[in-house]
Amino acid sequence: MSDQQNVYPVSDDIAAKAWADKEKYQAMYQQSVDDPDAFWGEQAKRIDWFKAPTRIKHTSYDPHNVDIRWFEDGTLNASVNCLDRHLETRGDQTAIIWEGDDPNDSKHTTYRELHAQTCQLANALKELGIGKGDVVTLYMPMIPEAAVAMLACARIGAVHSVVFGGFSPDAVAQRVVGAQSKLVITADESVRGGKHVPLKDNVDAALTRDGTEVCQNVLVVKRTGGEIQWHEGRDVWYGDLVEKQSTDCAAEEMNAEDPLFILYTSGSTGAPKGLKHTTGGYLVYASLTHQYVFDYQDGEVYWCTADVGWVTGHSYIVYGPLANGATTLMFEGVPSYPGHGRMGEVVDKHKVNILYTAPTAIRALMAHGENVMDSSQRDSLRILGSVGEPINPEAWEWFYRVIGNSRCPIVDTWWQTETGGIMIAPLPGATPLKPGSATLPFFGVQPALYDSEGKELKGAVDGNLVLTDSWPGQARSIWGDHERFVQTYFSTYQGVYFTGDGCRRDEDGYYWITGRVDDVLNVSGHRMGTAEIESSLVAHESVAEAAVVGFPHDIKGQGIYIYVTLTEGVEPTDELKKELTQWVRKDIGPIASPDVIQWAPGLPKTRSGKIMRRILRKIAANECDGLGDTSTLADPSVVDELIEHRANR
Ligand code: PRX
């Protein structure tokens, strides 16, 4: 069996000290599914509560009544768990190591300092009129103030909504309006790979859009000192406001089910949706997964290379590690700057023990050859992690051999913005590894595979991945649109959560995620809806119709392939391709840059007018022989025309 050829057994060294070996994993897993109340009631004790929960699990996946609650009578504060409770035992330990874009820039912030900074900002937020339940939008560089801002919101019961710093003004505006956010926290500029990104200018532009009047203030961190416009009465310097505040701020007592944050992500249809995560279950789940999946041991330096704008940054740069009293590294830059060896150099500089990154970053390094890591030793590394998209076995092996010096287990972690934390992943001391497989479910996670009719498939088989019961980190709703939440996740199949991913299970019960089965793209680990890009394109006056599909891309995993039908009379020119590329970048952000644009005089449609994406995907992938049945098309000849002029051969 090919799956069996490359099995990496658990190393004795790792198993000897690990939080869980195979027997412990199996026993804990069994209890977590047999008696979730007992299991999670016990796990809840890992965090501090003002009032400990007595009601543990209260969840329904019935599409007429989707209702997800965990620890519902408990009260707590997330920032107290990430800060205050560590002060006595580890006040002087580094909480955040910040590594700047410039390799000469780094800074350590202790738990005591982080606590003081968080309290000061929390008091500052109150002075700006922000209180419990208000939504604060963060559009920030990867600087410690981003974590401080998240924790300060949590401290006073405000709900943060972090928008990735690579998104456009329109994306910021959409999210400010969607969440009715009263405050935006940003910086003058961010710095990545030596280039400056005008965050504050983008916020200024965003706040000219309709509906954004709800936002009353913009709090601005001075990161570069670059020139910005100042809106008197609205804009406030972060430094000025914070420095005069007390370093004490009583934490708000929050119910376990009070929202902690909103995070927008793309779906297969419509505008991005704001997933609502709540406080108690999320924190228990983020901290438990961080400890077990990365086998985090006290005193270790842990580095997750994600951006705080994504859920990975929320759960595994900020909340999970800090709840566990870890030292978490936050990197402002990119792996390719100033040279391609940067990631290894950062590992050596800060003696990183655990490195959690993305397949796309690994593939980009691989492209620079075996010696790309020669500027570093990486002897401190113990555990490696991967997230965001399926990792191809070649990239897995390279990660293991070249970055990890063939010593470090790789935890390939499958999860989603909706799941709040890691769902399927090996535990370093318990699970033999198979390159390319996310392996086995975490405690409380019950995967199943369904066919398209909703029949459960047993044994070694390919299917659509669903989760048959709830876990504490699960998103509770879509902000302001519970019906859409129910429709998106609980209506495809009755009584289960539908992930949108395809998956294979092998003879050993290992799970192999095969990618999205809906119209969601995963480009360099960034999630994007084809509908979002299409609606951006059709807003251009030259575009009559557009269809967007993914195609296999060596480094990005998936690239963006666009078919454009022009408005009558418009000439298809290379200039226009450039213009449309810029248009999408400006509208959504650089992560949505088209890789290929093909002019399409017609698109393959069914007689009822539905675009047959299956065919467009095949043409984009240059797999024109296996197009399958085209007899239901209104005009089969458009397919020949598209094949003839395909742009990816
Ligand atoms: O398709 C899966 C893929 O990323 C999707 C979730 O994207 P997002 O909500 O942005 O969260 C990314 C970080 C958790 C999933 O539906 N995905 C994520 N991790 C993996 C993965 N696919 C395969 N293997 C993974 N380890």
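Cβ from N, Cα, C; glycine included.
Quick look at what TrEMBL annotates:
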- 25-82: domain 'Acetyl-coenzyme A synthetase N-terminal' (DOMAIN)
- 84-467: domain 'AMP-dependent synthetase/ligase' (DOMAIN)
- ARG192, GLY193, GLY194, LYS195, THR312, SER524, ARG585: CoA binding site (BINDING)
- GLY388, GLU389, PRO390, ASP412, THR413, TRP414, TRP415, GLN416, THR417, ASP501, ARG516, ARG527: ATP binding site (BINDING)
- 532-610: domain 'AMP-binding enzyme C-terminal' (DOMAIN)
- VAL538, HIS540, VAL543: Mg(2+) binding site (BINDING)
- LYS610: N6-acetyllysine (MOD_RES)
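The two recorded residues THR312 (CoA binding site) and TRP415 (ATP binding site) have their Cα atoms spaced 9 Å from each other. Ligand 1 lies under 6 Å from the Cβ of the following binding-site residues, listed in sequence order from ARG192, ARG516, SER524, HIS540: ARG516. Taken as a whole, the domain 'AMP-dependent synthetase/ligase' (84-467) shows an average pLDDT of 97 in this prediction.
Put simply, ARG585 is the one of the binding-site residues GLY193, LYS195, THR413, SER524, ARG585 whose Cα lies nearest to the Cα of VAL538 (Mg(2+) binding site).
Least crowded of the binding-site residues (ARG192, LYS195, ARG516), judged by neighbouring Cβ atoms within 10 Å of its own Cβ: LYS195. Taking the centre of the Cβ atoms of VAL538, HIS540, VAL543 as the Mg(2+) site, the nearby residues of that chain (Cβ within 8 Å, site residues left out) are SER536, LEU537, ALA539, GLU541, SER542, ALA544, GLU545, ALA546, VAL564, LEU580, TRP583. Annotation for GLY388 (ATP binding site): same-chain Cβ neighbours under 8 Å, separated by at least 6 residues, are ALA306, THR312, ALA358, PRO359, THR360, ASN522, GLY525, HIS526. For the domain 'Acetyl-coenzyme A synthetase N-terminal' (25-82), the DSSP-based tally of helix, strand and coil residues reads 26 helix, 11 strand, 21 coil. Using a 10 Å radius centred on the Cβ of THR312 (CoA binding site) and all shown protein chains, the other Cβ atoms total 25. Taking the Cβ of ARG585 (CoA binding site) as reference, residues of its chain lying under 8 Å away and at least six apart in sequence are, in sequence order, SER168, ALA592, SER593. Residue pair PRO390 (ATP binding site) / SER524 (CoA binding site) shows a Cα separation of 11 Å. Ranking the binding-site residues THR413, THR417, SER524 by how many Cβ atoms sit within 10 Å of each one's Cβ puts THR413 at the top. The secondary structure of ARG585 (CoA binding site), as reduced to three states from DSSP, is helical.
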